[in-house]
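What follows is a short report on a single structure.
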Amino acid sequence: MRGFVVLLAVFALSQASGIVRIPLHKGKSLRRALKERGLLEDFLKNHQHAVSRKHSNSREVASEFLTNYLDCQYFGKIYIGTPPQEFTVVFDTGSSDLWVPSVYCNSVACQNHHRFDPSKSSTFQNMDKSLSIQYGTGSMQGLLGYDTVTVSSIVDPHQTVGLSTQEPGDVFTYSEFDGILGLAYPSLASEYSVPVFDNMMDRHLVAQDLFSVYMSRNEQGSMLTLGAIDPSYYTGSLHWIPVTVQEYWQFTVDSVTVDGVVVACDGGCQAILDTGTSMLVGPGSDIFNIQQAIGATEGQYGEFDIDCGTLSSMPTVVFEINGKKYPLPPSAYTNQDQGFCTSGFQGDDSSQQWILGDVFIREYYSVFDRASNLVGLAKAI
């Protein structure tokens, strides 16, 4: 049955109706920007317990708990309003709201980015509802409205948009992206908000109720495809994994092994496939086992360093998911930056699920199927 669905999705791609390709640019991460300005050490010192705190079971009215996107590198363009105003966003499968800075925001972070001006859009409607997004280092305050949102060739005339009126400065001031477009399930969206992809499905704006992601290691070449699967981005066959909780794109991982020995997730664990998180995050004790197995040593502020000269002798870390093994070689789980190497694994005891971020997605082309509530994975080209 899944093979038939794949054929339908590929056929839809060939017909190009209701198919949207959004090129993703691999840009400079916030970590790199802070490092270039000599600010990274102070940032890590002050926020070492909030670097990847994105996922939480706490829910409040019109609020979510998001990461500070310290290592996020993949961004795309969208347009809001009539006439359209351009924004660079993170297409984030780990959250569900769309928000961008507004002209009502005077924070330094907002002033450094594109800001939406409702007075210059003839289609904007104020909802008279507030939005609060809590970060580990402060909160983003905003308001909600409706407006036309354009993603490539898809025009959604009545989309909920969050407009920030206050942003935590040390989080977003130097980021290359303006805002976030969430692609998780509607149960994660703030009150009164409908996720962008849900609106597209409801209005039959996409050929299939799925989207797929390819993340290149190069600056160009990454792609988000709405409504189709593109076999030119992977080799072999897609393998399908049931979504266990329809909030995040969450599923069961059977185990994590190194050299055939279980080092983490013994007996199974829950994981989230998240395009808005760069690292591969898990419970502190499990991640510590992995760091030891790969020979990483802890730095001053919680990061784990690797000797760049040892990459060829380091082991492969294998995730077994739904009975299939997904190897991550050292080239995948090691971040190399200006002669320094760090581990792509990060411990976070505040998260109840593992988070498989860009470190994993660069290795495996990923399909997010809302029609069947499945995740598809195949070896990326």
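Quick reminder: no glycine exception, Cβ is built from N, Cα and C everywhere.
Under the heading active site, Swiss-Prot lists Asp92 (among others). Here the Cβ of Asp92 (active site) has 26 other Cβ atoms within 10 Å, regardless of which shown protein chain they belong to.
Secondary structure at Asp274 (active site), as computed by DSSP, is coil. In this view, Asp274 (active site) is surrounded by 30 other Cβ atoms within 10 Å of its Cβ, with every protein chain counted. The feature active site is assigned by Swiss-Prot to Asp274 (among others), with sequence analysis given as support.
According to DSSP, Cys105 (disulfide bond) is assigned to coil rather than to any helix or strand. In this view, Cys105 (disulfide bond) is surrounded by 22 other Cβ atoms within 10 Å of its Cβ, with every protein chain counted. If you look up Swiss-Prot, you'll see Cys105-Cys110 (among others) marked as disulfide bond.
Taken from Swiss-Prot, the feature disulfide bond applies to Cys265-Cys269 (among others), supported by similarity to another entry. Cys265 (disulfide bond) falls outside any helix or strand according to DSSP and counts as coil.
Summarising the annotation, Swiss-Prot assigns disulfide bond to Cys308-Cys341 (among others). In sequence order, Gln336, Gly339, Phe340, Cys341 make up the list of same-chain residues 6 or more apart from Cys308 (disulfide bond) whose Cβ falls under 8 Å from its Cβ.
The domain 'Peptidase A1' feature in Swiss-Prot is assigned to 74-378; the stated evidence is sequence analysis.
What Swiss-Prot records for 92-102 is repeat '1'.
Long-range neighbours of the repeat '2' (274-284) within the same chain, counting only residues 6 or more positions beyond its ends whose Cβ lies under 8 Å from a Cβ of the stretch, are 29, 52, 54, 66-67, 69-74, 90-95, 180, 183, 213, 215, 248-249, 264-265, 290, 328, 333, 344-349, 351, 354-361, 366. As annotated by Swiss-Prot, repeat '2' applies to 274-284.
The signal peptide annotation in Swiss-Prot covers 1-16.
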Rounded to the nearest Å - Cα separation of Cys110 (disulfide bond) and Asp274 (active site): 25
Spatial neighbours of Asp274 (active site) among the recorded positions Asp92, Cys105, Cys265 [C-alpha, 10 Å]: Asp92
Cys105 (disulfide bond) versus Cys269 (disulfide bond) - Cα distance in angstrom: 41
C-alpha spacing of Cys265 (disulfide bond) relative to Asp92 (active site), in angstrom: 25
